Amino acid sequence: MGASASVLTGSKLDAWEQIRLKPGSKKKYRLKHLVWASRELERFACNPELLETAEGNEKLLQQLEPALKTGSDSLQSLWNAIVVLWCVHNRYKIGDTQQAIQKLKEVMGSRKSADAAKEDTSARQAGQNYPIVSNAQGQMVHQAISPRTLNAWVKAVEEKAFNPEIIPMFMALSEGAISYDINTMLNAIGGHQGALQVLKEVINEEAVEWDRTHPPPVGPLPPGQIREPTGSDIAGTTSTQQEQIHWTTRPNQPIPVGDIYRKWIVLGLNKMVKMYSPVSILDIKQGPKEPFRDYVDRFYKTLRAEQATQEVKNWMTETLLVQNANPDCKQILKSLGPGATLEEMMVACQGVGGPTHKARVLAEAMATAQQDLKGGYTAVFMQRGQNPIRKGTIKCFNCGKEGHIARNCRAPRKKGCWKCGQEGHQMKDCRNGKQANFLGKYWPPGGTRPGNYVQRPAHPSAPPMEEEVKGQENQEQKGGPNELYPFASLKSLFGTDQ
């Protein structure tokens, strides 16, 4: 109890004992309430020593406040006691617990407003056009670009030349810069003078277009008013730093000359990128053994340098990415369908062209060939000697089904000969329906004769004897009675030739 009682001493303890528990109540806070609060905090796994300071009380209130909606009356009483103790530590004059809660809400509300105003101020300061900064007197002054930024820009141009990634590099380093700073960055480049000359031509064209679309006002300017910027003023050749700052930061109709000049530079950089990257997106094709990931990297790097709108680039991606892939990847990509994402494509084509993919393709090809030749050898390997090639489907002698031979048949093995069904011999030695030759041997299975035998039986060319006799009888019926001896004349020998 001594440790708990040491939370408040002296005048703070006197102020604590003058606060009522409820408005209009006679009961007031006592030392026993501090002891009870300490024990409750230990029960809730909180540190009771936090009650000794105002900051500790705020931490306890922040931790207990989320549980008030679903907490018990004991938790609500603990939270009220800590609020009153927080007011005592801060020496706020309160009369009861309700006033302490109202005081806490007022203080927390004012803190939130101050934090919001501070964030708004910092956001406005961050939104100012750096390197245009405000000095102590509130005037807008220019802060020169740092040597580190120039060094990073020069090193990027030397290493990357004018690859597509040089454009976002320029945009990042020249953020908020005025025309004077941008010209400093361009003058720091030692090489690539031909490319810089192309850039200057683009800047001159854009300056002429600006003068055409923004003609200067007719007549003299009012006193104290600065002139409107021309194309050469935006390029920084005929304007000073103070004029550029004034055009950018003036309250009425500001003109961000630095941002406009950056857009002109980007147009020139796009032409330079196209000049240094002459490869067309149509020429980017995946090699036979090139991984799909490397092909995608080359494709998008070239697409980045293309001078086209985003809609055209999307069409190129949807069409050419699949069309220029190698046959293996193209077959996989077409099976995914037209709505597949790039992530799905890269996952599906992962490993294509490598040893694992080659082994899988070879295994699939062998499985297909084995399925076509299921049941044994082809007819070419089954022929023996001069026997003709067997055509048609293969038929099993064991079960009688087509598509496999008896060697690979899964049906139970049939006993005996597969042709006649008798036991004691095999089908190749079966004599059922066979004819023996003059040596007493049977013809080979299949019914065909050896190669040195005539494969087809010989048929006589003369007409049969029955047809000859029948023809002579018909001829006798047609003859007259005078021909008693038809065989005695020459006509019987030569027919109608006499």
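Placed from the backbone N, Cα and C atoms, the Cβ positions cover glycine too.
Source: prediction; values computed, not measured.
Features reported for this protein in Swiss-Prot:
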type	residues	note
REGION	7-31	region 'Interaction with Gp41'
REGION	8-43	region 'Interaction with host CALM1'
REGION	12-19	region 'Interaction with host AP3D1'
MOTIF	16-22	motif 'Nuclear export signal'
MOTIF	26-32	motif 'Nuclear localization signal'
REGION	73-77	region 'Interaction with membrane phosphatidylinositol 4,5-bisphosphate'
REGION	187-225	region 'Interaction with host PPIA/CYPA and NUP153'
REGION	212-232	region 'Disordered'
REGION	215-223	region 'PPIA/CYPA-binding loop'
REGION	276-362	region 'Dimerization/Multimerization of capsid protein p24'
ZN_FING	394-411	zinc finger
ZN_FING	415-432	zinc finger
REGION	455-498	region 'Disordered'
MOTIF	460-463	motif 'PTAP/PSAP motif'
For the region 'PPIA/CYPA-binding loop' (215-223), residues assigned helix / strand / coil by DSSP: 0 helix, 0 strand, 9 coil
Per-state residue totals over the region 'Interaction with Gp41' (7-31) - DSSP helix, strand, coil: 7 helix, 2 strand, 16 coil
Give the mean pLDDT for the region 'Interaction with host CALM1' (8-43) on the 0 to 100 scale. 86
